[in-house]
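Q: This structure is in structure tokens; I'll ask about it shortly.
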Amino acid sequence: MAFTIGFLLVALLGAIHHVSLRGLDLLKGAVGRRPNRTILLTFIGLLTIHTLEIVLFAAAYAALLTWPAMGDLSAADAETWSGLIYFSGINFITLGYTQIDAEGPIRMINMMQSLGGFMILTWSATFIYSAWEDAFKS
């Protein structure tokens, strides 16, 4: 059950990221031939998108942790809003190496978020590389 929930959350993450990148692509096209603005807009846009994706996963953890069958997080402040954002962010960007231990089935969602974060970060790296290439074509 937790694996399926994690899979669906990562699929939703991919859909949100795709739509966000399409919107960012339209915005950077509106900047025109101003390479520095294009790159800065792309960077700030990606930072915003990733931050929102991390917060959305934190909200999912908050909802799932109300269900006792999903398990628990071990640190004292892990289930506070800031603790959940930290947990989500670390899972997203470092494959889950954090001081907060997930216990029970929630670990499967934790694992799937790490996979999704890795996929999204590499997708974003390709996107910004392409933006750089397009912006500085001679």
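Using the three backbone atoms N, Cα and C, a Cβ is placed for every residue, glycine included.
According to TrEMBL, the record shows the following:
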- 6-27: transmembrane segment (TRANSMEM)
- 39-64: transmembrane segment (TRANSMEM)
- 51-128: domain 'Potassium channel' (DOMAIN)
- 84-102: transmembrane segment (TRANSMEM)
- 114-132: transmembrane segment (TRANSMEM)
Q: Would you mind listing the long-range same-chain contacts of the transmembrane segment (39-64), meaning Cβ under 8 Å and 6+ residues beyond its ends?
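A: Counting only partners 6 or more residues beyond its ends, the transmembrane segment (39-64) has Cβ contacts under 8 Å with 5, 9, 13, 16-17, 20-21, 24, 27-28, 31, 70, 73, 79, 81, 84-85, 87-89, 91-92, 106, 109, 113, 120-121, 124, 127-128, 131-132, 135.
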Q: Six or more residues beyond either end and a Cβ under 8 Å away: which residues meet both conditions relative to the transmembrane segment (84-102)?
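A: 50, 53-55, 57-59, 61-62, 71-75, 78, 110-111, 113-114, 116-118, 120-121.
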Q: Work out, from DSSP, the number of helix, strand and coil residues along the domain 'Potassium channel' (51-128).
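A: Once the DSSP states are binned, the domain 'Potassium channel' (51-128) shows 54 helix, 4 strand, 20 coil.
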